[in-house]
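Visitor: What Swiss-Prot lists as domain 'Pyruvate carboxyltransferase' is 9-259, and the listing cites sequence analysis. If you look up Swiss-Prot, you'll see 17 marked as site 'Transition state stabilizer'. Annotation source Swiss-Prot lists substrate binding site at 17, 18, 171, 198, 289, citing sequence analysis. Look at Swiss-Prot and you will find 18, 198, 200 tagged as Mn(2+) binding site, backed by sequence analysis.
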C-alpha cells in the first residue's frame, strides 16, 4: 500500500530496444506488440522500442532487424493504452529524418545517446526534439570512463540544451555501487534536470547499482524483462520492481503482470539464458562497450585466440562504441597474422 512517505521512482523498460541485441534484432512487430501490451498493463509508463543500437542502425554493420523502426514503433503504439513509446537516437547513426519517421509513427519520448565526453554532439537532436514537443531523455554512454566531476560537467551541457532527464549509463557493466552513487550524486549537484541510471549486469551488481543510484538522486531507472540486453543484459525490470518495493519505493507498477509478461511472453523468445558468462564478465571487468560481446566471440573463434585476451586488449586501448572494427585488428594481432579483407568484400 502506497503512503505519502514513500519515495517515487520511475522504471523505464528497454526490453524492446536493448533487448533486441540478445535476439539479433529479430523481434517481429507482433512480438513487440505483445510485450508492449504486457508492460502497459503492468503500469510501465515509458517503453523504449527500436533496433538494438537505436534508430537507423539496421545495417550490415550492426545487424539487420526483422522490421523497420517505424513498424516497431507503430506496433507498440497500437498495443498500449497509457504508456509513452520512446526510441533511441545515437548521433552519427540516426538522422533527424529517421527521428521524424519515429515521431510520425507515434513516439512521445526520444533518448539521445552520446559518449560521455561528447555531450556537445547531442545539442542538435536535443534542441530539435524539444521543438517537436518530445520528452527528451539523454544518455552519457560509458559513464564509467569519467570521474564524477567531469561527468557532471558533460551532464550540465545536456541540461542546458533542454534535456528533461540526463542518464548515467553503465554501457560496459563496469560499475559497482560506489561508482554509480558517486556519479549520480555529482550530477544531482550540477543539474536541474531529472537524473536516470541505466545498468548492465556484467559484474552481477546491476540491481544494486540501480538502488544505489536512486538513493543518491536518480529518479528514472532502466530495466528489461528477464534482463534481456547486450552482453550480460540489463537490470531485470521485474526484479527492479520487487527490489525497489522492498526498499520502500513507490514504482507505480504492478509486479505480477510484469512477471507474467517476462515468463510467458519474453522467455519463450530468448535464444539463450541471459547470464554472466566468461565473455560478459571480462567485458565488464575490462570496461568494454556491451555491443562488443557477440563480435568478440566470433573473432575469438575465427582467429583461435581467447575472447578474454581480445577484450582485455580492447579495454587497454580504451575503445568505445562505434569502434567494433578494432575487434578484428586486435584478434589478428594476437594471433600473429594480418587479416585481409576477402576480394569479394572489397569495394
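Cβ atoms here come from the backbone N, Cα and C positions, even for glycine.
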Visitor: Do you know offhand how many angstrom separate residue 198 (substrate binding site) and residue 17 (site 'Transition state stabilizer') by C-alpha?
Guide: 13
Visitor: Per DSSP, to which secondary structure element type does residue 198 (substrate binding site) belong, with helix, strand and coil as the options?
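Guide: The residue in question, residue 198 (substrate binding site), is strand (DSSP, three-state).
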Visitor: Setting 17, 18, 171, 198, 289 aside, what same-chain residues sit with their Cβ within 8 Å of the center of the Cβ atoms that define the substrate site, listed in sequence order?
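Guide: Near the substrate site, the remaining chain residues are 14, 113, 139, 141, 169, 200, 229, 230, 234, 290, 291.
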Visitor: Between residue 17 (site 'Transition state stabilizer') and residue 289 (substrate binding site), how far is it from one CA atom to the other, in Å?
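Guide: Residue 17 (site 'Transition state stabilizer') to residue 289 (substrate binding site), Cα-Cα distance: 16 Å.
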Visitor: Between the Cα atoms of residue 289 (substrate binding site) and residue 200 (Mn(2+) binding site), what distance do you get, rounded to the nearest Å?
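Guide: Answer for this pair: 10 Å between alpha carbons.
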Visitor: Please compute the mean pLDDT of the model over the domain 'Pyruvate carboxyltransferase' (9-259).
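Guide: In the predicted model, the domain 'Pyruvate carboxyltransferase' (9-259) has a mean pLDDT of 98.
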Visitor: Between residue 18 (substrate binding site) and residue 200 (Mn(2+) binding site), how far is it from one CA atom to the other, in Å?
Guide: 10
